[in-house]
Amino acid sequence: MQRRRNRGLELGVVLLLSEMMNVGFRQIPTVTLCTIVGQVLLYLGIIQVPWEKWEICISAETILKHRDYKRLFFSTFEHGDDMHLYYNMISFMVKGRSLERRYGSTNFGFLLLMISVLTSVIYVGLGYTLTEVLHNSYYMRSCAIGFSGVIFALKVLTSYETPPGREFIGFLWVPTRYAAWFELILIHLLVPNTSFIGHFAGILAGLIYISTPIGSIMDGFISSLTGVSFTLLAEGPRMSLFACLSPVKDPQYFLCFIFVKSLIAFLATPIEMPQAGSGPMNRCSAPILAN
């Protein structure tokens, strides 16, 4: 099936290109630049793929029931409209420039791929868990697209790599370490049709990476591929898995505790899927959310 779109230069795309020119294309590291350009070309339809954006959105139902695993990766790079693309890419450009320069393009590229998939897996796990706990199949069918979840994960990583301080978000100065949480709530309150669960999944992905042995495994895998020693977290050893399984003092680790408990419950519970909506199988029966 031939893909649609071939859009013109909409406002969001023009604003993004203008900002990139102001920063300077040579000042944007390779992987960050290619990731931004690739998503712009995909949005414009210059990169042709055999699906519409609503046919690639990710939900727990499409992964666990229909086993459409490509959505774990490709849904991340689709965007609902030009302003969705603009805000995501501007935010990613800031974080990508910082992290890629610190850890090198090759390491950062592999890290970005793994964080993208990890965020999607957590999104699916949260959708299933919320459906089971709240007995509401909406969370199973809630479909999302966009790069915001990955950006929230990178925001967590960046906050752990910068000295303690404060960040101005919206109308308040908040501690850098907790800026992602404040932004999560602020976006949910002020921006309609955004995926709270998708953003939350990104924060959890960042915390799991920097705070648990999963991050160490990812580091080791990246090092084996690149031949370069790679440890993102510079503050010391990661929290052990057993520490993550019990309440701890840091509120962020407490959320890690919640996620791991939910994941254990998810793995231990037989999967009984709620009935899908009456629409076509390749489309979402719940609204598509901007992630």
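Each residue, glycine too, has its Cβ placed from N, Cα and C.
Residue ranges 48-78, 203-233 are listed, and TrEMBL annotates 203-233 among them as transmembrane segment.
DSSP states for the domain 'Peptidase S54 rhomboid' (68-210), grouped as helix (H, G, I), strand (E, B) and coil, give 107 helix, 12 strand, 24 coil.
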